[in-house]
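A quick write-up on the structure given underneath.
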């Protein structure tokens, strides 16, 4: 009898546990159904990770002192990488041909350039002495001349900001600020998520996936239950080549990627919001490097207003063509953005919130 009672008790306990698990799963499902998933996509160096960092600061967990300390060696490595890129660019034919009179360095300057080029990142420490070497190199007129032609090689957008204070950064007591983190350039690897609330009881999950070609195979796992695709395109890079091969125009890479995303059937119900990013740099570059020289189909007057409308239409046409191919009709939303400008990002994401909530309401009404 005792054995039978024990068996009944065990069965009842199993039923109770199953019921508890079912209740928990329902609660999780209910919570997940109220979260609006935003997929942040774009090609390498488009600025999407900067947007992600801004949203984390504005609406997410922000950055703790531990986070800031973690970024210190990352920032120091970025600075070293950038100064090495500048030194390598001295030997680029396209750069040398553009600079007159030809660049001439003293023996001492040449020796310091060789020393910097030999630095390796394994267990690297940016000491005050090394910081002083970088600062001296950065002050050279010849290096500044090479910097002016940075569109021909790969350099962080905010390299000058960090070069200007490299001696401070190299001191042991220095700690990064939130601004330093926002302006830093670190290639996205893998998938990073952040949940945040923006009022009205709306919860968003922003998913940032690596933009480099090698990372894109991981994207497909993030395509389920997406409320909106936020595609980031750096319109200032119309005259630059891709980091991966230094051959493919970045604008071509971005448009091709955008077309493939708009043509993905797994995303056919998601809103498509395009951030035409780095609009501040785009405005500055137009004065030096005419858009028509790199995109011959442009026939405007060269003004920012004309050129920005042309860039918008490139993505609009590419998206519409992809929609037609899979038989879907959707509205695309466009915003000109400067990801390093917190106020601009705040305004734009308020618009994103309205678009996503409106689309969600329409889907409910159609059910």
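Just so it is clear, glycine is given a Cβ too, placed from its N, Cα and C backbone atoms.
Database features (TrEMBL):
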type: BINDING; residues: 45-50, 208-212, 277-280, 339; note: GTP binding site
type: BINDING; residues: 49, 188; note: Mg(2+) binding site
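TrEMBL feature annotations superimposed on the structure.
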| residue | record | DSSP class |
| --- | --- | --- |
| 45 | GTP binding site | coil |
| 208 | GTP binding site | strand |
| 278 | GTP binding site | coil |
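Of all Cβ atoms in the shown protein chains, 16 besides its own fall within 10 Å of the Cβ of residue 280 (GTP binding site). Sequence-distant contacts (6 or more apart, same chain, Cβ under 8 Å) of residue 47 (GTP binding site) comprise 157, 232, 234, 277, 278, 337, 339.
Comparing local CB density within 10 A for the binding-site residues 45, 208, the maximum falls on 208.
For residue 278 (GTP binding site), the count of additional Cβ atoms within 10 Å of its Cβ stands at 26 [all protein chains shown].
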